[in-house]
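*Asks:* The structure is given below, and queries will be raised subsequently.
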């Protein structure tokens, strides 16, 4: 029995049935059946246990699989016969018996090239196992003699089991030489000898070939790594596609891939045996040249097959000839053998020890590695690692996740020392990855554990405090906080009722509920509105006048209205909310006036703009059911200022938008109505909010775009543009000092003279406001600052410019760790830089002569285009959102008048529809006037006239140019130029009535800026003229007119009918004479020619 060495394969489907599990064990007990140590067993079980590897005895029955030591298993054996007797019963003898494998002691020598010392060691181990088996069998016999009845039933079950074993028992033999194999390309990772690998084959030809190999008992392939990592093929057509070194592998089992969904693909489990190298590739189309089977050592199974079919000469047949019908790749290969080495080599042993140490480090970090190392160590003794370093190197590479080319280098290395070094390198990288993964995992776990610990401790703390009554939970504390805040407020009854309902709801809600946060936010807003909280108002008239005069120059209308507001409040003891609307061009100070009013009244100030606003919710808030809902701007303003009587400035009301979310201007109707805003209802708050004590101030550039109902609720105060004198005063008193300080020149001798400011206003800043004037003054002082620094020069700058200088060798705290850029240290400091002390001998004077050095050449020279106007040219006046400006109207003849001329009127200058109608009215009125008063003048009956308004790129519209156009046409008809210092504005009807116009103040300012001395305006605007400041009317003569006859008398005076008749007769007669002379000459020439 000691010489028995059994290798078998068992399919135990009748015992357990199920999926395949591979088990390798020195001793296997199957249903109380014992086999010798050293046997290799392939078991099919129902998944009753994991794979058990070396050193473990496996016992398998219908329900479970357990590992037991061999000695314990032998004591539990209930079989009556010994193992030797069992072998005898089944026909296992030293010779062949009935086609079974030859089990003799001579079979130990069938694997040629084995060491004699290894063979002797294995025989000694087999003898020990056999002796133990005899002892176990004897004990079983004694036990069976006392239990004969039970033994008979067991004997029958054993006989059925042994029948299955007998039909499947066979001995696999691996050929030492296999010159030609099926080439199976492997992607991403090579295979290493001794380590299983499952591969998926998708090519139908290759799967069919593998099935045929398994059927014929030749489950051998060559596995080679593909060079291209992205390539995934099962057939190679060029030897360059794969590395030439691979492994000779045995297909241990195959089964369908993807749970049988794809019939053409299968999964093959490969067990590599040795290294091989490709010597030649036989493409799929060249399978005719096959390797003769005589070169391959026949297996015992092949011998059996030849005996079963005696007529077939299997020894001379080609083993791979059956693959000629399959489109697969075959390769001629040769075995690779490791180079001889000395096991006691210190370098090899040192590298081996280092690999083992790295394995230990990885095993402590990676559980997967720990399991793989445990499985490997169970199949190897502790000393075998140093006895077989080549296998250790292969194992290190097989379990590592290195790069494919690195693993292939390990596979191709035949020098053991080199292979160990390469494996150690791959393993070191694996250790670094494992350490990094472990670090990341620990950090994440630490954060999670910290949060869990904090949560657990907080819950414990809450529970302890609740039990002791020290402190209530967060919800109770929140409820108490809201109640305390509500007690300090004077809530109306309706608001108090809602507050009580919401506070009760909050008390009964769980903190994790979604409605909890909604209710909490609502209560937060409800208790932050200043119910009943008002700021004390200042009714001191002198204080208000002082504040208004400090902040603004002029604007007497606005100042008077604010003083009236304060006086009423002082008499009544209270001030109701008012709605003021400041309308004026940009830059006149509308927004800043709002701030000054708030300061004069000692009220809190809040500003928000509605320009471009399209959502009603911005005014009236969102519904509480929306995510992120919040109140409107007005309620937000009350929360911010914490008083019920602030001044709220609503900017740009004329630019409010309108979208699909609603019309915000309609939402402002309730807000700005003094009769309704005492109970303003915000969508979010859903309780009435008293806004009657809020002073609303709105700003707009024009009132034309403000809806009528909204405009009706506001008290409009017009802010016209500033005249030159006002601009000079504003620049000198307000703008220049601030700009000088911002430029750092407050302590320097820099003087901006008044003539420079006047020139700046006249030639650079003609707009009605002072915003552009401020920009230009800032630019002047910046240029002056640059000039001063250049004049001083860098050499005169002080050496220490910091408040706290450090001596050499001392490093400021803030400069520690400063980075280096271009090999130069960057000094970092937190000290403030000292202002530069400008020497007292530096002087800068800015006057009209050198102004262009600071702001460049002038942009405008004069609004007056003509110093002497020709006939048909008249200065009109226009009014825009930017203020007033001069607007000339020009008329001229398109062609010379003749008796046969056709009258017409062409209009240019990008005029709007209203202005075109004014032109037609003026043309009709001029013809009517000429026909009625000066019938002898046939100008309009013959003249083709072109009327133009200069600056055609600028759109123009409005009715106020009627009298100007009529005057231009009459001036052309009478051929009488007008005084260039006369300007006019007014709307004209067909009957000659002059109607009221708007923007008289702006037009008067523009007229004075253009050097006009006489201004003709409608009599209906006389009240507007009287309200003009004296500085505007100074030097300007106003002429109110009710009919155009009044205008005619001012601009044309007394024109006689004779003059009017003869003014164009001379031209017409001259033309007629020239025509007659030309005709006569032509006739004479024709007579001569005849």
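Positions of Cβ are set from backbone N, Cα and C atoms, glycine also.
Grabbed the feature section from TrEMBL, which reads as follows:
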REGION    94-155  region 'Disordered'
COMPBIAS  109-137  compositional bias 'Basic and acidic residues'
COMPBIAS  138-148  compositional bias 'Polar residues'
DOMAIN    181-431  domain 'Lon N-terminal'
BINDING   584, 585, 586, 587, 588, 589, 590, 591  ATP binding site
REGION    797-818  region 'Disordered'
COMPBIAS  802-814  compositional bias 'Polar residues'
DOMAIN    868-1054  domain 'Lon proteolytic'
ACT_SITE  960  active site
ACT_SITE  1003  active site
*Asks:* What's the number of neighbouring CB atoms sitting within 10 A of the CB on residue 1003 (active site)?
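*Replies:* Residue 1003 (active site) is surrounded by 30 other Cβ atoms within 10 Å.
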*Asks:* Identify all same-chain residues not among 584, 585, 586, 587, 588, 589, 590, 591 whose C-beta atom falls within 8 angstroms of the centroid of the ATP site's C-beta atoms; report them in sequence order.
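*Replies:* Filtered neighbour residues, in order: 582, 699, 701, 719, 768, 769, 771.
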*Asks:* Under a criterion of Cβ-Cβ distance under 8 Å and sequence separation of at least 6, what residues of the same chain contact residue 588 (ATP binding site)?
*Replies:* 555, 719, 720, 721, 722, 768, 769, 770
*Asks:* Compute the C-alpha separation of residue 590 (ATP binding site) from residue 1003 (active site), stating it in Å without decimals.
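*Replies:* Between the Cα atoms of residue 590 (ATP binding site) and residue 1003 (active site), the distance comes to 20 Å.
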*Asks:* Fewest other CB within 10 angstroms, which one of the binding-site residues 584, 586, 587, 589?
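*Replies:* Result for the binding-site residues 584, 586, 587, 589: minimum number of other Cβ atoms within 10 Å at 586.
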*Asks:* Using Cα coordinates, what distance in whole Å links residue 591 (ATP binding site) and residue 960 (active site)?
*Replies:* 30
*Asks:* Provide the number of Cβ atoms within 10 Å of the Cβ of residue 590 (ATP binding site), excluding the reference atom itself.
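*Replies:* That number is 26.
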*Asks:* Taking every protein chain in this structure into account, which of the recorded positions 591, 960 has the most other Cβ atoms within 10 Å of its Cβ?
*Replies:* 960
*Asks:* Take the domain 'Lon proteolytic' (868-1054) and average the pLDDT across it for me.
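*Replies:* PLDDT averaged over the stretch: 88.
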*Asks:* Across all chains shown, how many C-beta atoms besides its own are within 10 angstroms of the C-beta of residue 585 (ATP binding site)?
*Replies:* 24
*Asks:* Does DSSP give residue 587 (ATP binding site) helix, strand or coil?
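*Replies:* Coil, per DSSP.
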*Asks:* Roughly how many Å separate the Cα of residue 1003 (active site) from that of residue 960 (active site), to the nearest whole number?
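*Replies:* Between the Cα atoms of residue 1003 (active site) and residue 960 (active site), the distance comes to 11 Å.
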